[in-house]
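Trainee: Relevant sequence annotations retrieved from TrEMBL are reproduced here:
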type: BINDING; residues: LYS25, GLU26, ASP55; note: UDP-alpha-D-glucose binding site
type: BINDING; residues: LYS181, ASP205; note: Mn(2+) binding site
type: TRANSMEM; residues: 458-483; note: transmembrane segment
type: TRANSMEM; residues: 495-513; note: transmembrane segment
type: TRANSMEM; residues: 533-554; note: transmembrane segment
type: TRANSMEM; residues: 586-606; note: transmembrane segment
type: TRANSMEM; residues: 618-636; note: transmembrane segment
Amino acid sequence: MPENLPADTELPDVDVFICTADPIKEPVVEVMNTVLSAMSLDYPPEKLAVYLSDDGGAAVTLYAIKEAYGFARVWVPFCRKYGIKTICPDAFFSSFGDEYLMGRNESKNEEADIKTAYEVFKKNVEKVSSVEGSVRMDRPPYIEVIHDTMKNERGEDKQSKLPLLVYMSRERRPSCPHRFKAGALNALLRVSGVMSNAPYMLVLDCDMYCNDPSSAKQAMCFHLDHNISTTLSYVQFPQTFYNVSKNDIYDAQSRSAYKNKYQGMDGVGGTVCAGTGYYLKKEALYGSPINQDNMTPLFLKAQSEYKWESLLYQSEESLQEAEEKFGSSRKFIKSINSLNDQTNRKEILCDEMIDEAKTIASCTFEENTSWGKEIGYSYNSLLESSYTGYLLHSRGWKSVYLYPKRPCFLGCSTIDMKDALVQLMKWASGLVQVGLSKYSPLTYGVMSRMPLVQNMCYGYFMFSHFLSIPCFLYGIVPPLCFLSGTPLFPKVTSPWFALFTTIFLSSLAEHLYEVFSSGGNLRTWWNEQRIWIIKTVTACLFGCLDVLMKWLGVAKANFRLTNKAIDEEKLRKYEKGKFDFQGAKLFMVPLTFLVVFNVVCFIFGMKRLVLERNFEEMFGQGFLSFYVLVLSYPILEGLVSKKAK
């Protein structure tokens, strides 16, 4: 309970990590809204640090964060003064509005001034974005402290104090492996270690802004609970989206995962790490829980409690051992040993410290170290957070899934078929790759410290994408047999037909019950039925093929960045509940083939059924073909409209 938390002066420090990579696909104004919302969290500003990792190295992003800091000097005090809950300025000034704790009339004039300042900030950033939006693929490391917390000590009142704000663009060279988001997060771990060195961190996608200022304190209710904190690695919040339509034809809210499966996994040791909206204890990324067999000298058991000891400085030999794991930066190694030291950060960040941060953000720093293997985020999968969460659970760490009534984080969901399928293909490829690796739940997971049921849940997430193969076959074999008059299922009069019917209907009923129990309706159920079939025979199938191609050496690992920029025409289509297949040519190949094939087989199969009158034998296949065609109606509609154009 929040009332049981210690005083603000005794709360642990928190670092906020925000990653962006492309100012075109990830609009800069949207990224800055996420930064501003993080700076406005209801947490002591001297204990909060916000880091923005710009993997694109774009000049506009650096310019924008400086502009955002200027606006934050009026926005953050305004939020604190009136107890604003919608701490993202764009959401606050939109139709979403906010509930004032002190009344709307008292702040009417001040709100107008703040809105004017926001419009100026937004206009300036958008103007520069149209000119300087290019990404630099070959660049040295660059780190700039936009605002230093220690400079708050100049007579500022409590409401005006701002957290530490740092811009980081790690080194990127074509000849060196980039490691995608996992590399950016590991660089942020090291840079934050020598700058603010908070024991906890919040990871956010650049479009997932903070929607509740109390999220940090909600997470600390678990991290500071002595009954569970010793083995607790992270507190995961659900991914919730502000632009999901009532129809939600693409199942953007992922209702089944976030409202059902994740809640279930929470009861057996912890759920999947979703990649954003989680508060993680940094210790978890450096070793195993201390009350178990440990693989690193950083953790010691002392009177059955966690305790950090400076073992690495007891001898030159231990220092060398630490450098082999963590790299050559002794300042970073020292920061690991003082993670829980509340008095660690007391000086203004100097040039020497920034130079050290640039060194550990270079391409060559991780060479011959344990980064990406035993330390930090793993490089074995493009789903860095989910895979790292799986490894944490396998080492004995636990996690918590927190689903509050008010969403603590809100993001922008995909609003067209292409982006929805590309995103799912990326997830499917990453999960299947782990499932077929030496870290598979079938082998590594069974022998790990993870509870068996939790390991089975991970197995489900990793292997369920292979359902695409039988689904694809179901789209070919039954229609073909229906066309040729070959019976596949028992006669309607056979007792075995009742078994098939029971299984089919009970599956639909179970899904319907799950939807109703989580606040959905009949339309939600029907939309999920349709999109599940579409996604299974496209994105999931291509995800499995992607893993096969990488294994054969035909394709290389490629991070597919989801487009966050909103197209107004696509948005109108989405809100009307019309499927938009524009740009999804690759995925339309199996879809078009299956739909056209089923239409032809159904028409001529029905003709044969009428002529031969073998209803008892062919009813099952006829009904199945009809059901598939009903589910495929949006695809037929899309094909017809495309042909008409």
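Our numbering is plain: 1 for the first residue shown, then up by one each step along the chain.
Using the three backbone atoms N, Cα and C, a Cβ is placed for every residue, glycine included.
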Trainee: Could you round the CA separation between LYS25 (UDP-alpha-D-glucose binding site) and LYS181 (Mn(2+) binding site) to a whole angstrom and send it over?
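Mentor: That separation, Cα to Cα, works out to 15 Å.
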Trainee: Which residues of the same chain, at least 6 past either end of the transmembrane segment (533-554), have a Cβ under 8 Å from a Cβ in it?
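Mentor: For the transmembrane segment (533-554), the nonlocal Cβ contacts are 417, 420-429, 431-433, 436, 465-469, 471-472, 475, 586-587, 590-591, 594, 628, 631-632, 634-635.
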Trainee: Work out how many Å separate GLU26 (UDP-alpha-D-glucose binding site) and LYS181 (Mn(2+) binding site) at their Cα atoms, rounded off.
Mentor: 14
Trainee: Could you state the CA-to-CA distance between ASP205 (Mn(2+) binding site) and ASP55 (UDP-alpha-D-glucose binding site) to the nearest Å?
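Mentor: Just about 13 Å between their Cα atoms.
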Trainee: Give the maximum pairwise CA distance in Å, whole number, for the residues LYS25, GLU26, ASP55 listed as binding UDP-alpha-D-glucose.
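Mentor: Max Cα-Cα spread across the UDP-alpha-D-glucose binders: 13 Å.
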Trainee: Counting across all protein chains present, how many other Cβ atoms fall within 10 Å of the Cβ of LYS25 (UDP-alpha-D-glucose binding site)?
Mentor: 15
Trainee: Only counting partners 6 or more residues apart, tell me which same-chain residues put their Cβ under 8 Å from the Cβ of ASP55 (UDP-alpha-D-glucose binding site).
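Mentor: Residues satisfying the criterion: CYS19, THR20, ALA21, SER169, ARG170, ARG172, HIS178, LYS181, ALA184.
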